[in-house]
Amino acid sequence: MSLKEKTQSLFANAFGYPATHTIQAPGRVNLIGEHTDYNDGFVLPCAIDYQTVISCAPRDDRKVRVMAADYENQLDEFSLNAPIVAHENYQWANYVRGVVKHLQLRNNSFGGVDMVISGNVPQGAGLSSSASLEVAVGTVLQQLYHLPLDGAQIALNGQEAENQFVGCNCGIMDQLISALGKKDHSLLIDCRSLGTKAVSMPKGVAVVIINSNFKRTLVGSEYNTRREQCETGARFFQQPALRDVTIEEFNAVAHELDPIVAKRVRHILTENARTVEAASALEQGDLKRMGELMAESHASMRDDFEITVPQIDTLVEIVKAVIGDKGGVRMTGGGFGGCIVALIPEELVPAVQQAVAEQYEAKIGIKETFYVCKPSQGAGQC
């Protein structure tokens, strides 16, 4: 049963009438451009065919009822007439409440709604299950009540809800790609202007995500440290962000910087350049060059930004040994565990899967999870 069929059937059973709309919003993977977002730089994600699906209908009062199919059909209910506050017990409900509250704060006028939510974006894998939920809820209200919001505004509203209501500091990339993703394309995003450019993906190439299943522990504290080091670097160059520093300017004075800060800055500057070049390589179908750029990105994250772990490096090496120069592989996400992403010719996917199955657990003692994805369409009706 598809997520659409599941949520529609649950909706009818729970609320006693059929849903009028079914909306989806996808998760995402970032192909290249790591830790560049908060430096006002470039990222190159694509939406994936794992999504959050919501069957819904407008109500003629001011009540919101939400059922979470993936959490034992837990039901949350609140009124649009009262101040929206956090739910004491259901963390999932706070993503919904936060999005609704922030849409209200943006002076949008809408009535009540019934929703049933289900999703298959793996949680805790760094594939943006929370952003896909936020964008799906925003799109539900936009569609049901014809709100004058475009995808970028729905994305910004989701980011605001996550930062201010849920209390998790995130950049804009995850929500933006979920809202604006395009089938068979990745999206080059300028994190300063929020300008986007759709980049066609080469035919016959699979987007493979492999979760190391190594639980990230340092990610919060180390993420903040990296952010501070980047800000220190930008101040040294008297610029608002590292986006504004050229590699030539850096090379001329690198020796004057604290050595650790210098390494962090070098990663950001080279990663930004790689990301822009990667968009061109993909557009030209140059998988060999894309693979080189992904390898350079991984080495930079490992040696200059120091955010990889042995489990991740091992996974990358296993995949690289199979694909050679026929594709690319690197760590993706915040670091210290999580996932790797690979662009692989479809005919090589079984060999990669077999090599990883035979070698990773034997070397590391943890079983990986393997996802084969297609670059998918952003949020909308399904």
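Cβ from N, Cα, C; glycine included.
Between the candidates Tyr223, Tyr360, Tyr371, Swiss-Prot assigns the substrate site shared with Glu34, His35, Thr36, Asp37 to Tyr223. Counting only the Cα atoms, the space from His35 (substrate binding site) to Glu162 (Mg(2+) binding site) is about 18 angstrom.
Most Cβ neighbours within 10 Å among the binding-site residues Gly124, Gly126: this distinction goes to Gly126. Closest by Cα distance to Leu127 (ATP binding site), from the recorded positions Arg28, Glu34, Glu162, Asp174, Tyr223, is Arg28. Between the CA atoms of Gly124 (ATP binding site) and Arg28 (site 'Transition state stabilizer') there is a gap of 13 Å. Report note: the substrate site is defined by Glu34, His35, Thr36, Asp37, Tyr223, and the residues of the same chain whose CB lies within 8 Å of the CB centroid of those residues, excluding them, are Gly33, Tyr38, Asn39, Val43, Gly171, Arg226, Ile268, Gly334.
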